[in-house]
Amino acid sequence: MTRQWVLPPWLALGLALIGISTAAPLARLAGVDGATAAWWRLLVGSGITLVAALLAGQLPRSRVLVTRSLPGGVFLAAHLALWLESLRYMSVASSTGIVVSYPVIAAAYEALVEASLPPRRLLGVVLGFAGVAVLSTPWAGATLPGALLALAGAFTAAAYFLTGRRLRVSGATTLEYTATVYTAAFLVMTLYCLAAGIEAWSPPGRSLSYLVALGLAPMIMGHTMLNYALAYYPAGVVTGVALLEPYGASLLAWLVLGEEPPPASIPGLVLSVTGAWLAISPGGASRRRRP
């Protein structure tokens with residue numbers, strides 16, 4: 001009897017970390033503006049999720065689901081465009097370190113709405129914003145435009161996940177929601193590019209392979225492996241690995257691009273990632289990953 005090989009869950013987590021960590025270096029290698037990079041990421045991502053939903057018989061059919069997914073699509077498109085644009089103005093370490101603070105922003109918002117701020121969440125918010133402050137300095141490889149773009153990317157990511165959580169409560173499956181919101185984000189990004197005169201669909205030839213990889217690697221190797229690992233590990237463990245993206249992205253940028261992380265970015269990353277982990281750990285506000 002042939003024994004079926006099963007991917008070890010620890011290996012899946014390792015592959016997932018590598019996958020999600022490739023996004024920033026691939027965007028840098030593509031050498032295009034943030035809107036173009038976001039358009040390709042969403043083109044590939046929406047295509048993959050729609051095919052997966054079709055095969056699983058979970059294509060979105062509810063008009064309510066489609067309508068309510070539009071705000072999430074707007075936030076996702078804005079998040080990707082802003083964050084990927086920030087990479088043109090600052091180091092990979094600083095950009096990813098600031099963007100990963102989105103759970104801290106979500107925690108602060110939910111604490112204000114709930115009029116409650118437990119000590120663990122408060123510590124996460126304080127550490128997270130301290131990390132953002134450090135990563136926004138020139139000593140961490142940041143510029144003011146880059147820091148503002150990355151921070152705006154973090155705020156829109158927080159809005160995306162908060163919107164998605166409310167919609168998931170209404171009964172939509174993960175695949176239904178993901179297929180709908182990615183498609184909505186792709187359409188939003190297409191409309192923006194048309195309005196702004198950005199020909200995202202016609203990038204330089206040397207950039208095309210990197211842009212396709214930008215859509216494939218973080219989605220297939222990254223998020224697919226994270227979802228696989230969820231069958232074996234608690235959500236907190238899987239999300240904790242996802243929050244290590246700034247470290248993985250910084251290492252890849254160093255190895256592939258020759259971009260050594262600025263000295264001040266190291267303590268900034270530690271503060272930002274620790275704050276984000278405290279915000280999503282038991283007693284925190286959110287348990288959501290990045291797009």
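The backbone N, Cα and C atoms fix where each Cβ goes, and this holds for glycine too.
Small disclaimer: the values here were computed from a predicted structure and weren't measured.
Here TrEMBL flags 11-136, 145-279 as domain 'EamA'. What TrEMBL lists as transmembrane segment is 39-57, 64-83, 89-109, 121-140, 146-163, 175-198, 210-230, 237-257, 263-280.
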Reported mean pLDDT - the domain 'EamA' (145-279): 89
Just give the helix, strand and coil counts over the domain 'EamA' (11-136), going by DSSP. 103 helix, 0 strand, 23 coil
Do any residues, 6 or more residues outside the transmembrane segment (210-230), come within under 8 Å Cβ-to-Cβ of it, and if so which ones? 7, 9, 12-13, 15-16, 18-20, 22-23, 26-27, 29-30, 32, 36-37, 40-45, 48, 174, 203, 237-238, 241-242, 289
